[in-house]
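Per Swiss-Prot, these features apply:
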- ILE27, GLY28, LYS29, GLY30, SER31, PHE32, ALA33, ILE34, VAL35, LYS50: ATP binding site (BINDING)
- 395-404: compositional bias 'Low complexity' (COMPBIAS)
- 411-425: compositional bias 'Polar residues' (COMPBIAS)
- 459-468: compositional bias 'Polar residues' (COMPBIAS)
- 630-640: compositional bias 'Polar residues' (COMPBIAS)
- 21-321: domain 'Protein kinase' (DOMAIN)
- 387-425: region 'Disordered' (REGION)
- 458-489: region 'Disordered' (REGION)
- 571-836: region 'Interaction with ATG13' (REGION)
- 619-642: region 'Disordered' (REGION)
Amino acid sequence: MSSESHGKAVAKAIRLPTENYTVEKEIGKGSFAIVYKGVSLRDGRNIAIKAVSRSKLKNKKLLENLEVEIAILKKIKHPHIVGLIDCERTSTDFYLIMEYCALGDLTFFIKKRRSLVMKHPLIKTVFDLYPPPSAEHNGLNRVLVVNYLQQLSSALKFLRSKNLVHRDIKPQNLLLCTPLQDYSDPKTFHEMGFIGIYNLPVLKIADFGFARFLPNTSLAETLCGSPLYMAPEILNYQKYNAKADLWSVGTVLYEMCCGRPPFKASNHLELFQKIKKANDEVTVPSNCYIEPKIFKLIKGLLTFDPEARMGFNEFFNNEVVTEDLSRYEASYEPDLESKSKDVAESNMFVSEYLVRPAAQEKANGGLRTDEGSAMPGAEHTYNKEREHYRERQDLQGQQQQQQQHPDSPPRGSTQGYQSSAGQTRMKSSYNDLILEKEYVVVEKKTVEVNSLADDFANNGPTTNNQGAQIIKPLRYRTSSSSDGHGGRRASLVERRLSISSLSPSNALSKALGLASVRLFGYQQPNTQTTSTSTHPTLLNPQIFHELTENAVLRADHHLNLFNEQISDSNITPFVESLSAKAFVMYSFAEMKFSQILPSPPSSTDYYSQSDKRLSNGSCAIDDDDDLDSGNPSSNQTLTPGANKVSAANVDNLIPAPELKKLCMESLLLYLKSLTILASSMKLTSKWWYENESKNCTLKLNILVQWIRDRFNECLDKAEFLRLKLHTLNQSEDPQVLDDEPTIFVEKLIYDRALDISRNAARLEMEGGNYNTCELAYATSLWMLEILLDEHLSSNEVYDDGYSSNITSLDESDKEMIRKYVSSIANRLKALKSKMS
């Protein structure tokens with residue numbers, strides 16, 4: 001479909017409540033909003049129309065963000081902030097009528113410059129006047145860097161006067177307008193309140209969906225914004241103040257100079273770790289030079305400790321921010337004015353200049369990067385999963401001392417950065433998608449989970465057991481490869497279990513691990529370590545027995561943990577029971593997820609073993625044949641079948657409808673896991689903050705750390721699946737989407753639980769391994785209990801309107817489940833009698 005015909009189709013499809021505006025073509029699209037170009041019938045001006053469907057704002061927090069954005073934009077007017085002209089609402093949609101910025105966002109100037117100078121007359125003229133400093137990177141000319149820094153500073157100064165913190169400063173939210181539209185000389189330009197050079201494109205801050213009124217002394221705790229540009233205190237779930245915006249300004253300034261962000265990583269926590277490890281040293285590529293006073297400013301902004309970070313007054317009065325740029329306005333540039341008017345009259349958005357045959361892409365020889373949406377609220381959505389397993393680039397570099405200037409930046413390694421003919425200079429990957437997505441909203445529950453786990457780690461017992469490790473609050477623990485038993489050969493039981501320090505307990509891990517291997521058809525990738533001695537030793541074979549006994553008692557209505565008063569004596573059994581349920585649900589989700597994104601045979605997996613928060617394994621169980629051989633290396637065998645499929649071929653091997661179904665099922669199961677994990681932390685939190693002594697057992701501490709890690713992992717994988725579903729939905733016919741059947745997580749759990757119990761009964765009748773049968777019955781009971789337990793509903797767990805009150809189980813459904821629970825519990829009792 002041509003751009004023109006597409007625009008006409010859009011105009012017919014969108015109808016605003018009033019007739020003050022006409023809607024033309026779509027210029028940006030994201031998960032929550034579609035941005036159209038339009039025209040105001042009052043004065044004929046071009047406008048941007050941000051259409052947000054109410055149906056996509058299912059989360060209360062997202063609706064609040066939109067309402068906040070509208071409220072803020074109505075109150076603030078500034079030449080370097082995208083203005084809200086009008087707002088219209090219908091029963092199904094919000095329409096924000098905003099200033100139109102025909103040149104897109106700052107990423108077009110940085111990442112698409114090479115393509116645009118060949119196609120866009122105004123941008124070509126700008127870069128002819130102010131050429132880039134080097135062909136080796138995408139950094140901008142110093143004049144452009146300082147000009148846009150000053151305009152950004154002007155907008156931030158205005159926001160500070162209103163006690164506003166933006167919380168999502170990044171190049172994608174810095175829009176560029178064509179210059180010389182309402183003025184033609186420097187005097188008029190500055191009288192209108194603009195800062196910088198009058199004949200250059202004008203920068204304006206957009207997207208106030210995450211902004212908040214926050215005085216200088218106030219602290220916030222919600223994690224939001226885009227991780228690549230987030231301050232470390234936000235990445236680490238700490239409270240933060242308005243100085244978080246200054247960190248983001250530092251990252252933008254660095255990117256304008258070097259053509260890429262200062263830090264990159266595969267997830268939030270790895271990014272935080274890289275920032276912390278840098279120890280306030282900022283490394284730049286060896287092919288990039290930043291003058292000392294700009295580099296000093298970057299270092300002041302990119303200071304890890306917010307207390308030591310440059311303050312707003314110091315920033316606003318910095319010599320670079322206050323530098324006089326009037327000398328660049330002395331000469332008249334007729335080309336800029338004529339080209340600017342041509343662009344305005346052409347009615348073309350910047351991305352339309354980039355549409356061209358694929359054959360020309362190779363001939364261009366420029367940097368190939370992801371297209372970005374360029375208007376406020378248009379989320380970047382790429383289909384980059386197939387690049388997921390490319391080797392990750394080390395962006396830290398090797399620091400080298402500079403002899404020219406003591407304040408000049410250390411030069412970093414150029415590995416993976418310098419270009420050669422026919423090669424791209426940087427590789428995009430799914431990791432970048434996760435980090436660059438437009439909206440990151442982590443509910444307050446996430447902050448609470450991590451905060452509580454840190455409290456336990458800080459205040460809990462260090463160790464009372466020989467060989468146990470101290471539990472630390474940081475979420476970056478890695479497995480040790482040392483063997484605490486010295487030269488003693490591990491026993492058969494120890495060789496069967498390779499259990500990380502975050503497992504609930506050895507006995508419980510054994511039960512749950514076998515359940516995941518034998519019953520869910522999925523074996524978790526094990527760590528590359530062969531030792532199990534550096535974790536706390538909690539060998540208590542009674543735990544699993546107690547858990548199964550409790551399941552039987554609950555089935556006989558002789559026990560209901562939630563009706564008991566929480567105390568020091570029963571808090572651990574409470575949490576153990578919930579951990580068991582969370583693990584079977586998590587394992588079910590992992591089985592589905594492994595079919596969508598198989599684990600690669602290397603450490604470059606997104607869910608890397610180097611990051612415990614994202615590690616898949618709480619335990620790893622060897623195959624019986626391998627175990628009996630006594631070969632410890634057999635632990636490193638990954639799941640056969642699906643996990644051997646390369647990520648590059650997974651989309652082709654699974655038909656799109658089936659892939660989408662798998663994604664939806666896996667997402668629902670991860671969300672259910674999150675609900676159970678949050679429930680256990682809510683319970684623990686209540687006990688912890690009512691406990692004056694703030695003392696807990698080592699076992700409970702380990703459980704809490706395990707729950708925290710699983711919670712964060714499930715959240716990350718749910719985000720990945722949400723984005724993948726969005727990509728799949730975009731590629732499908734709307735008619736097909738309407739015809740898709742609804743998937744109920746309750747039915748998934750119910751069917752799986754009955755399937756497990758049937759297989760266990762068959763195995764028992766065949767005289768199979770009774771231990772396996774016991775595990776299967778227990779797993780089935782835990783899954784069915786999840787369906788019946790009202791305390792594990794999302795409405796009960798999340799107190800902030802996170803979920804709806806919709807449930808797919810009526811009383812007759814519950815009665816049927818109770819009958820199965822009773823039947824399976826009786827089988828389990830009979831089996832235990834046989835075993836004893």
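Cβ from N, Cα, C; glycine included.
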Overall pLDDT for the region 'Interaction with ATG13' (571-836), taken as the rounded mean: 71
The number of other Cβ atoms within 10 Å of the Cβ of LYS29 (ATP binding site), counted over all protein chains shown, is 19
Through the lens of DSSP with three states only, how would you label ALA33 (ATP binding site)? strand
Count of other CB atoms lying within 10 Å of the CB belonging to ALA33 (ATP binding site): 28
When you measure from the Cβ of VAL35 (ATP binding site), how many other Cβ atoms are you left with inside 10 Å? 25
